[in-house]
Amino acid sequence: MSFTARQIGAPNTLDYRVFIEQNGKPVSPFHDIPLYANEEKTVLNMIVEVPRWTNAKLEISKEEKLNPILQDTKKGKLRFVRNCFPHHGYIHNYGAFPQTWEDPNQVHPETKAKGDNDPLDVCEIGEQVGYVGQVKQVKVLGVMALLDEGETDWKIIVIDVNDPLASKLNDIEDVETHLPGLLRATNEWFRIYKIPDGKPENQFAFSGECKNKKYAEEIINECSEAWEKLIKGETADSKGISLDNTTLSSTQTFSEAAASGVPPASVQPAAPIDKSVDKWFFISGAH
């Protein structure tokens, strides 16, 4: 199954969109791409939204048809993540699992908080820097439970199956063995990254502990089941999410015509970013 990215417009602009294609036909990264890449369910598909070390806050659109990747905005302005010393931009290749949904209508029994209404967030910790719209095949290692402004915001830790270390990383304890300091730095980054924007420090459930692979797989299953209900129209409130898809013919929102509404690719060079995005922020008590 081959996926490619269709870029429309210039990065760092309000009009920038990245659609995902399967064999040249636009599909929804939220609904059409299978969660699992193999029958054994040991390899999963991940959509890269934000490549490591970049600042633009890119995300799968929940509201637009076929859910293209776009840059988030606040009060009409493009959003960028600040550089919290010693980090630059996002600490990992950051993205989402398709066919998952953190249901905001449900309170998780252990975090005591509702889902954040997004696909499951994924941090890919391999050595290669990804690209926007890349569909990576990954294996699951563990999960952190961020409590972001009162919502449960799971962060699944994964490794690209083609990474040189992939065969040695099979559960969360292997990460500390082969990549010492990575989990601590990841915890720190998620804790502090909103502080430069005037927001409070984020909190974690489980005292910041990164839970193991088995626990992570349970969370993935829960969010996969929540998405199944969403796409079938069985949820109490779908929160305005576009459910249009081009491959799930048994769903009411199946529409092959949706693909024809996607503009052709128009790759343009990135627009310049304001120099303020390069600033380093030094946060007391971060380390």
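Heads up, the Cβ atoms here are built off N, Cα and C, so glycines get one too.
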Given Swiss-Prot lists D116, D121 for Mg(2+) 1, the same-site residue among D103, D153
D153
Across every protein chain in view, the count of C-beta atoms other than its own within 10 A of the C-beta of R79 (diphosphate binding site) is 15
Other than D116, D121, D153, which residues of the chain come within 8 Å of the Mg(2+) 1 site, judged by Cβ distance to the Cβ centroid of those residues?
E102, G115, D118, L120, L146, D148, E151, T152, W154, K155
Rounded Cα distance, in Å, between D116 (Mg(2+) 1 binding site) and R79 (diphosphate binding site) is 19
Rounded to a whole number of Å, the separation of the Cα atoms of D121 (Mg(2+) 1 binding site) and R79 (diphosphate binding site) comes to 18
To the nearest whole angstrom, what is the C-alpha distance linking D153 (Mg(2+) 1 binding site) and R79 (diphosphate binding site)?
19
